[in-house]
């Protein structure tokens, strides 16, 4: 704590490897965390591979800061830290205070890990660790255990000051959201699409979301589920726009006039065409889906080829080769799984045929699609879309548009 503030130190991730764009990525990381914490007036700086965060020394501010750091893409780890002058006396004094606190909490053994980033400092990393460790050991506060210590005290001598910290929490890694453009996620209520969105967020892409419903055949609870999924994604991406489009009239037309085995695939073709219009309106440069090869009948190689041919935009499928158990594990980690398994059907499952087409030809499906004269219905669906802006939960409320 310095001058009534609490300090945090975070290790940045891949952006430290991006030589030419490094400063751009650092600025984006600073901006993202500042936006997450704008309700508590933070001070954020990224330099030399570290992110420095200072927030007011209140319980509410610290809780908000730690929630934000837990959702911040672009860092590999973070910790609450103590800053002190770059002298051995100050470093030793602060380290001894950390050891004394650990002893009061019932810890018995310790190890020092020191890193001298500023090579001008008067001691090497090993000398810092040895000298500070000797003082703590001789004081009787804790005993040395280099292999299985109860507590590790980290010391970093940086270019302006030194930092000491104990427990280090794992970061999400990846790239800062916003450095890789904008994409439109086709967000259903299932397990896969939120994970696909998170995967693209972790590669630095800002995502907006598109949800298709078929009210009254799909209940309002199904849309509420998707809204809750979008809120979770907004925690990692700062914000998202959720566009909701009704497919009710289109599905009625397909149910009446389309060949039964082609129903799901024709519906997917309609979705892709509408999605392209929404994406261009929102300046998204790609579409994102949660499709995984051969996971269900509509995701055979041939079916994916047909839907890809319906848009001029690239379709990113980050889960295309993923195992279902791995997808579920990620969904659980990011907080979407419990929402996704709520028992409400989406529009794709309502009228799914018993024996869907598995090996369609692109030309044949395009002929079927064109014969249905769906253009006016697609235009109506796009025209009656509804949008909601959703923000991450860092003291900012969501607002409708």
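Cβ atoms here come from the backbone N, Cα and C positions, even for glycine.
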Given Swiss-Prot lists 186, 187, 211, 212, 290, 299 for ATP, the same-site residue among 168, 169, 235, 268: 268
Averaging the pLDDT values of the domain 'THUMP' (63-168) gives 95
Based on the record's binding annotation for ATP (186, 187, 211, 212, 268, 290, 299), what whole-number value in Å is the widest Cα to Cα distance? 19
Binding-site residues compared (186, 187, 211, 212, 268) - highest count of Cβ atoms within 10 Å: 187
Using all protein chains in view, find how many other C-beta atoms are within 10 Å of the C-beta of residue 290 (ATP binding site). 25
